[in-house]
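What Swiss-Prot lists as signal peptide is 1-29, and the listing cites sequence analysis. Annotation source Swiss-Prot lists disulfide bond at C33-C40, C87-C197, C214-C222, citing similarity to another entry. Taken from Swiss-Prot, the feature N-linked glycosylation site applies to N57.
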Amino acid sequence: MLPSLIQPCSWILLLLLVNSSLLWKNVASLPMCAMRNDRCFMFFEDTFELAGSLSHNISIEVSELFTEFEKHYSNVPGLRDKSPMRCHTSFLPTPENKEQARHIRYEALLKSGDMILDAWENPLDYLVSELSTIKNVPDIIISKATDIKKKINAVQNGVNALMSTMNGDEENKNPAWFLQSDNEDARIRSSYGMISCLDNDFKKVDIYLNILKCYMLKIDNC
């Protein structure tokens, strides 16, 4: 029997993932759901297969965005300052790595991913908006950031639906680096910090969802 937490809303995540049109060229030919009592039930295995694949692809794209941004603005003073920057998600009680995540119950692991995704809802909007106003920013950076935002939103909406039976929504607070400044270098460093945090956080989400995929699909050696 499937876990009660997952069954009712798993079809929402799959629809959102499919609509993101990532990786799946022939998905239209696949059965989208099984009808039962006039309701649509998604195939459980497909949900986690797609979620894991999409999250991994997003993680790669965020890392590429970070590298491109760092390379383009490498001459900005203080960009690579080694002093630690506190990300707005650092207070969240989530596993830091794959080893920790392996020892977490799947419900708690899904909740960890949900908390990170929810915490990035407003910052993602801000990041894309801010990047478009920075002087001489390459179009490819804006395009990638916009595409990443859409794909992350798809995963976020699906995971939120899965978590809807748990605690109510927590307030999303703006990160400390939500700043309004006329100093171009300061704005570039702020955006760089945001992308760095997003890169780190989505590596975690990728780990969580793929551990869940392996757990639910009984895949060895993940």
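Each Cβ is built from the backbone N, Cα and C atoms, and glycine gets one as well.
Feature annotations (Swiss-Prot) mapped to structure.
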residue : record                      : Cβ neighbours (10 Å)
N57     : N-linked glycosylation site : 16
C87     : disulfide bond              : 20
C197    : disulfide bond              : 23
C214    : disulfide bond              : 16
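In the three-state DSSP classification, C197 (disulfide bond) falls within a helix. Counting in whole angstrom, the residue listed as 'N-linked glycosylation site' lies 22 from C87 (disulfide bond) by their C-alpha atoms.
Distance between Cα atoms for C197 (disulfide bond) and C214 (disulfide bond): 26 Å, as a whole number.
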